[in-house]
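A.B. asks: Pasting the relevant annotations from TrEMBL:
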COMPBIAS  1-13  compositional bias 'Basic and acidic residues'
REGION    1-56  region 'Disordered'
COMPBIAS  21-44  compositional bias 'Basic and acidic residues'
TRANSMEM  76-95  transmembrane segment
TRANSMEM  101-124  transmembrane segment
TRANSMEM  131-148  transmembrane segment
TRANSMEM  175-193  transmembrane segment
TRANSMEM  200-222  transmembrane segment
TRANSMEM  228-253  transmembrane segment
TRANSMEM  274-295  transmembrane segment
TRANSMEM  342-364  transmembrane segment
Amino acid sequence: MTELRHRGAKDTDPTLQQQPSEDKGSDGELKVEKDGVSDSESKVDSGVPEVPVPADDTPEVLNKALSGLSSRWKNWWVRGILTLAMISFFFFIIYLGPMVLMMIVLCVQIKCFQEIITIGYSVYHSYHLPWFRTLSWYFLLCVNYFFYGETVTDYFFTLVQREEPLRILSKYHRFISFALYLTGFCMFVLSLVKKHYRLQFYMFGWTHVTLLIVVTQSHLIIHNLFEGMIWFIVPISCVICNDIMAYMFGFFFGRTPLIKLSPKKTWEGFIGGFFATIVFGIMLSYVMAGCRYFVCPVEFNNDSNSFQVDCEPPELFQLQDYALPGILESVTGWTTVRLYPFQIHSIALSSFASIVGPFGGFFASGFKRAFKIKDFANTIPGHGGIMDRFDCQYLMATFVNVYIASFIRGPNPSKVIQQLLALRVDQQLHIFNSLKAHLTEKGLLPALEEATA
C-alpha cells in the first residue's frame with residue numbers, strides 16, 4: 001500500500017502536493033475507504049497511462065537494402081513490399097476455398113482481440129488485477145462458441161441432425177452458451193478485490209467492448225462469405241484498394257490535412273482514393289461476377305460431407321442491357337451498355353469503403369492517441385498490428401451484412417426446409433395440409449399436378 005501511495009503521488013496535481021501533511025493522513029485514509037476507491041485508482045483517473053512503444057521489427061534485409069534512403073521513402077518501400085506480400089497471401093487463401101477463409105477470419109479475430117487486450121493489460125499490469133487476462137480469454141471462448149454454434153446449425157444442418165451429440169448441442173445451444181457466460185460472470189464477481197473495484201469494472205467493460213467490435217464483426221464477415229465469396233472478396237478488396245490509393249495520392253499530392261486525429265491523412269488522398277476505389281470495384285465485380293465459384297452461395301453437401309460452390313447464377317450475376325442517360329450517350333455514342341447488376345451494387349460498396357470506411361481508421365487513430373501508442377502491435381513491419389490493417393474491415397463487414405439483408409437476400413427455401421425437417425411428424429403434416437389448401441385456393445395446385453402428370 002505504501003508503494004502504491006508513493007507511485008500515485010508522482011502523477012497527482014502539484015497543487016495537491018503542496019497541501020499540509022495532515023491532509024494526506026486522515027483525509028487520505030477516509031478517501032481510500034469511501035466507495036472503495038484507492039490511491040492507485042486516483043492515479044489512473046488523473047492522468048493518461050502510457051503503453052510501451054514496440055521496437056522496430058523491420059527485417060534486417062530490408063534495413064540494409066534501404067539504408068541509403070530517407071525515413072519517409074524507407075517507410076514507403078517497406079509498406080509497399082509488405083503490402084504486395086499480404087495481397088499475394090490473400091489471393092492464395094482465396095484459392096484454398098471458403099473453409100480456409102473462415103479459419104483465417106477466426107485467426108485474425110483472435111489476434112485482433114489479443115492486441116487490444118494486451119494494450120489494456122500493458123496499461124494496468126502494475127495493479128495485478130486478479131484473473132483479468134484469464135477471464136478475457138474465457139469470454140472470447142464463450143462468445144465464439146455462441147456465434148460459431150449458430151453458424152454450424154445453419155450451414156451444417158444435415159450433419160447436425162445426423163449425429164446425436166451434435167443434435168443435442170444444437171437443441172440446447174443457447175442455454176449452454178448462456179450458462180458458460182454466466183459462469184464467467186460469477187467468476188468475475190468473485191474476483192473483485194477491495195480498493196480495485198473501479199479498475200476491475202473498467203477492464204470488464206474493456207473486454208466486452210472489444211468482444212463487440214471484434215467477434216461480432218468477424219461473425220458477420222463469415223455470414224457474408226457464405227452468401228457467396230464475391231460478397232467477401234469485393235468489400236475487403238475495396239477497403240484495401242482505398243487504403244492503398246489514398247496513401248499513394250496523399251504521399252505524392254497530399255497538401256490539405258483531412259482530420260486532426262490522423263495528421264497524415266489529406267483531402268487529396270481521400271478524394272483520389274474515392275474515385276480509384278469506385279473504378280476498381282466496378283472492374284473487379286465484372287471479372288468475378290462471371291465465375292460461379294465466386295457468386296454461388298457456399299452450401300454443405302450431405303453426400304460428400306464437404307462444402308460446395310456450384311449453382312445456376314442468379315439474375316444478379318447475369319449480364320443485362322442498361323440504357324445510358326442522354327449526357328453519357330452523347331459523349332460515348334452508346335445507347336446501351338451490358339453490365340452485371342452486381343456492378344451497380346458494387347458502386348454502393350465502393351462508396352461506403354471510401355467515404356465511411358476510413359472512419360473506422362479514424363476511430364482506431366483516436367484510440368491509439370488516447371493511449372499514446374503509434375500502432376496496436378508490431379506484427380507487420382511498416383503497418384503495425386493486425387488490428388491496424390483491419391480497423392476499417394470490421395465496419396465494412398457490418399455494412400455488407402446489412403446491405404445484403406436489406407436489398408439482396410430473399411427467403412431461403414433450403415433453410416425453410418431444414419426448419420420443417422426439424423419439426424415433429426404431426427407438425428410437418430399440419431404445415432403440408434395448410435400449404436396444400438393455400439395452393440389449391442390460389443389455383444396453383446391443379447396446374448402443378450397437370451405439369452407433373
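FYI, residue positions are counted from 1 along the chain as it appears here.
Every residue gets a Cβ built from N, Cα and C, even glycine.
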A.B. asks: Between the stretches 76-95, 101-124, 131-148, 175-193, which wins on the count of C-beta pairs under 8 angstroms to the transmembrane segment (200-222)?
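C.D. replies: Top-ranked stretch among 76-95, 101-124, 131-148, 175-193: 101-124.
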A.B. asks: Six or more residues beyond either end and a Cβ under 8 Å away: which residues meet both conditions relative to the transmembrane segment (274-295)?
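C.D. replies: Contacts with the transmembrane segment (274-295): 228-230, 233-234, 237-238, 241-242, 245, 249, 309-311, 313-314, 316-317, 339-340, 342-343, 345-347, 349-351, 353-355.
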A.B. asks: Grab the same-chain neighbours of the transmembrane segment (342-364) for me: Cβ-Cβ under 8 Å, and only residues 6 or more beyond its ends, written as numbers and ranges.
C.D. replies: 230, 234-235, 238-239, 241-243, 246, 259, 261-262, 265, 270, 273-274, 277-278, 280-282, 284-286, 289, 295, 316-317, 376, 387-388, 391-396, 399-400, 403, 407-408
A.B. asks: Six or more residues out from either end of the transmembrane segment (175-193), which same-chain residues have a Cβ under 8 Å from its Cβ atoms?
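C.D. replies: Result: 129-131, 135, 138-139, 141-143, 145-146, 149, 169, 200, 204.
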